[in-house]
């Protein structure tokens, strides 16, 4: 292993090349007329996608410093998607524009810290302008428009999202049993406790664990060590090639967690550790509820040192499992129907007889797990590749549409950014470096509209001129129909939260890059 060092401008130039290479790979898929990108990695199935984050994740460069630029940009995109479900490509084109122009300022002798200060001052004014443009969703039609844009203008997926988005506590759980796309209400059960380590995830693009079916081991005590019984138990699961295993316990010692992670990563053991849900006072009864729902035997009620029976009989079973950082959701449990019904009646009677508001709320939360309120969305397509892509689109659209319902919408197609930048004047009392940074941000936020117009075969400057010549703040270019019109009326709109989050992450990583002064990386000797 040898260490490689680069000075400020040399290193920044290499990082810029990496960011620009990533942008060139992602932007052809941007907008309603963007192209699909084909991804083939090793023996994995072929993926055809227009999703920016899925494309970006596959870009790896040989040069260590160019690769560092790619990695930093990817982290920003992942943060945008994690927060809102959309906006990754918008963030990337703004990063590329900010970094490229900012580097020109540094080359001209301007202070990077002053450039950063100008960018930060400018972006705060852009946020204020975006807030003024925000429109609250007023009708199901508004929700449908947002959902369709978030689903890459797929009418079917957008309609499904709009249909189920109003249901409380929504999270898609996916199946491929039936043809087409359909939803079924009231099947999903959810508890508010998720995986204890991101190393358990099976789908890095959405940072969750998804299995068609799984076994469940429920322990009422903390797992402080891997006893011989538990090791033999894990070996039994592996040898018999059964379903994946979810282990739910009061807590997990770090050494135990590390061992489970290593077994998953090195030996392919499909396992996930989940901390027992509920407050400390309620944890025991919530675990009993889960045991009833899944058909598991609750182990360790009497003593923390009790042995775990080396048998599959004590395991519960669940179907259509989705585990995120915060929740554990499943569609069907293997519990006895009569026992489940008896528990539901017991909880209903307890609620009716409770005189304590807090106790009543706790009982209602427990009852909600039994009743279930998570819609099942079933997706199939002609090929597995298409099915995976549509499933990913649907999940992203769900998150983005929920974001729109919280914060409202702004005109889409990059118009909100354009109008915001056009309404802002550069303050007169700034230094040359701050002025440069201020203007750089105002130009960078125009880039998403420019890229979209170019992907639709239009001159970006002509499109911008036409838009700004109209006073209607919602007037813009509709790439779907290749016309200029009121974008909100046409259903071309973006969630405000997605718009601001993409800009926030873009500014954050760009300022980090521009103010870096020395670069160190390693590479293997050849």
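A Cβ is built for glycine as well, from the same backbone N, Cα and C atoms used for every other residue.
The following features are taken from Swiss-Prot:
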- 50, 413, 494: ATP binding site (BINDING)
Binding-site residues compared (50, 413, 494) - the one with the fewest other Cβ atoms within 10 Å: 50
DSSP state at residue 50 (ATP binding site), helix/strand/coil: coil
Farthest-apart CA atoms of 50, 413, 494, residues recorded for ATP, distance in Å: 17
